[in-house]
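Input: a single structure, listed below in structure tokens.
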Amino acid sequence: MVDSQYFLPNDIGISALDCTEAFRLLSPREKLYAHYLSRSAWYGGLAVLLQTSPESASIFVLLQRLFRKQPAAQLESMATAAGLSPEEYQAFLVYAAGLYANMGNYKSFGDTKFIPNLPKEKLKALVWQSQAFQDSPSEMEALWDSCSTLLFSLEDQQKQLGLGDKGVTTYFSGNCCLEDAELAQKFLDSKNLSAYNTRLFKNKSEEGKASYEVRLASAVQKGENCAVDGEGESRCGRYDFEDCVFMVSRGDYAYLMKKVSENLEKAKEHAANENQKRMLEEYAQSFTFGSIEAHKEGSRFWIKDKGPIVESYIGFIESYRDPFGSRGEFEGFVAVVNKAMSERFAKLVSSAEVLLPELPWPKDFEKDRFLLPDFTSLDVLTFAGSGIPAGINIPNYDDIRQSEGFKNVSLGNVLAVAYATQKDKLTFLDEEDKDMYIKWKGPSFEVQVGLHELLGHGSGKLFVQDEKGTFNFEQDNVRNPETGEQITTWYKGNETWDSKFSTISCSYEECRAECVGLYLCLNKHVLSIFGHEDEDANEVVYINWLNMVRAGLLGLEFFTPESKSWRQAHMQARFVILRVLLEAGEGLVTLKESTGKDGRPDALITLDRSKVHTVGKAAIERFLCKLQVIKSTADVEGGRALYEGYSAVSDTGSHNFLRLRETVLLRKEARKMFVQANTRVKGESVELVEYEGSAAGLIRSFTERFADDAEEVEAHLLELNKRDAPCWC
């Protein structure tokens with residue numbers, strides 16, 4: 001029997017993201033702007049297939065060819081002829097929907113592989129029965145042969161994403177290990193090159209020296225050793241570094257980056273203002289030449305574009321899925337501002353300068369000036385990538401965030417459907433808590449997302465000594481509040497938070513932001529901004545804290561005992577917070593193992609609401625201060641000791657977390673998937689094409705997404721995949 005965690009269940013939740021009204025209210029020009037931005041995002045999002053696993057792109061093309069010839073309803077008769085039961089055919093549809101939703105065959109939330117829940121020979125029989133196979137038998141057979149083994153394989157290393165023997169990654173060639181990643185980061189820092197849009201390939205030795213290729217994502221493939229017209233200074237070329245050879249080259253995902261840039265240029269024709277035009281020019285420059293500096297410049301114009309009707313961002317953004325924590329996964333979103341909801345967030349922004357001093361660290365550890373950002377609630381039209389978050393705080397460039405600002409967005413139509421919970425599927429809570437949890441989960445999560453994004457990710461100073469030796473803090477006067485002593489560590493030169501803290505940076509920062517949310521949601525003024533007063537405010541606080549400790553328990557699903565590693569940054573963060581609150585004692589949080597009504601192992605987690613403002617607040621205050629001091633002072637050693645200590649999952653101590661993990665896996669609920677609309681130019685107008693919230697609807701949305709150039713896109717994807725295939729062995 002294969003462990004059920006590697007299947008997507010047939011009854012998995014699939015919901016359509018509703019943006020009908022938001023799109024209808026756009027002007028014709030705004031609709032065209034949104035359309036071409038969406039096209040750019042969807043083409044770029046295909047790069048995620050190549051960033052996820054060696055087989056993802058081939059599986060994607062296999063599915064596209066099957067369903068372009070025969071929609072799900074038509075293919076069903078072929079499935080019956082091939083001997084599949086209705087349940088097995090539904091399992092195949094769910095698998096296909098899962099691959100599209102995650103842009104690969106590993107879950108975007110948890111990094112675990114998933115395979116079809118039907119026998120391999122039956123899926124092969126279905127492929128052979130299909131119209132696609134009848135039309136092009138040799139091509140379809142070759143495609144099946146290229147991916148079918150890995151499609152079903154669950155060898156230990158292939159069960160999750162990871163570096164070296166810990167899992168699968170295509171950010172690094174198969175012969176790379178942690179030491180190679182660390183060496184490459186040192187090289188990149190020495191050349192002031194960002195890792196965000198790179199992959200690392202270890203080549204055959206040159207004259208006894210280890211040889212590496214750092215490949216930049218770009219449409220341009222030529223000119224390895226010189227600047228290309230329009231690019232400015234080039235970093236491409238051959239370098240000797242620490243008795244190794246590094247070659248910096250262009251051209252990763254070249255075809256896709258070209259399509260991204262072309263559509264950004266088309267969007268520019270319909271931009272609303274000069275900031276949007278300059279932003280799109282710089283983005284196109286970035287994707288054409290592989291320049292993060294150009295992307296940063298585009299991000300500066302994006303920050304200046306205050307309160308747009310159509311909001312967007314695109315690029316190699318989040319580094320969660322790079323096992324080393326430095327390389328960004330491609331994502332692009334296009335959304336329409338929800339004005340009513342955005343008013344609440346605007347009030348929170350205007351209160352930020354009053355709320356920041358409430359955070360539990362000395363003022364020296366806070367930014368010299370809080371740059372008031374945009375904070376809007378958006379209805380997503382397009383979100384291309386491996387998954388859709390509830391909120392975003394971007395850009396991720398430390399130097400811009402610290403001195404020039406950032407934006408926050410809350411994705412309203414995602415929140416509306418992503419976190420709806422049925423009572424019978426609500427695990428590990430007391431019956432008395434369940435009804436209250438269902439009622440207040442949405443409102444409390446809205447508060448948490450707002451605080452997490454704006455004052456969590458938006459707070460805190462990094463102490464830096466730049467390349468000229470200048471400090472951005474008073475070196476002789478700033479004291480560590482934990483020890484009372486002068487600080488002795490800081491960021492130097494080109495070091496960043498991601499490059500310095502690498503493998504723990506993502507989860508640590510999510511933990512810090514979650515703690516800020518818990519801490520500040522206790523503030524009555526914050527709650528009143530969101531319309532919660534008196535007893536309602538108390539319920540929001542209680543459910544927010546209860547949700548956090550429950551999430552910490554659920555987080556155990558994303559821990560891999562064999563490698564002692566975490567596969568999801570946010571869930572690791574929530575487990576750490578659970579550990580901190582359990583450690584606080586005094587009955588604040590209790591976690592007990594039990595036997596359920598079905599006779600199987602169960603657990604119960606409770607929170608004493610009378611102690612949240614006392615014991616709970618004091619525990620989070622102490623921990624949050626430690627997190628910030630370590631981050632500000634670049635204390636990697638102290639940070640690893642603290643964070644990895646709380647992240648440890650064992651069967652010793654007051655709670656047997658390894659056994660609790662088995663219980664969590666036994667009772668877990670699959671994460672929902674979203675069906676997104678397409679846009680289509682018809683004459684001089686743009687129409688919105690929507691789909692039903694089902695596996696078939698999700699599949700159809702993807703087959704129609706690239707309808708105009710499907711064969712060309714698929715051929716290029718296979719070519720890009722084939723080029724690097726030898727690198728993963």
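Every residue gets a Cβ built from N, Cα and C, even glycine.
According to TrEMBL, the protein carries these features:
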ACT_SITE  E453  active site
BINDING   H452, H457, E510  Zn(2+) binding site
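Mapped onto this structure are the features recorded in TrEMBL.
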| residue | record | Cβ contacts under 8 Å, 6 or more apart |
| --- | --- | --- |
| H452 | Zn(2+) binding site | G391, A513, E514, V516, G517 |
| E453 | active site | F375, G391, I392, N393, N408, V409, S410, A513 |
| H457 | Zn(2+) binding site | N393, F406, N408, E509, A513 |
| E510 | Zn(2+) binding site | A569, H570, Q572, A573 |
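Residues H452, H457, E510 make up the record's Zn(2+) site, and a Cβ search at 8 Å around their centroid adds N393, E453, G456, E509, R512, A513, E514, V516, G517 from the same chain.
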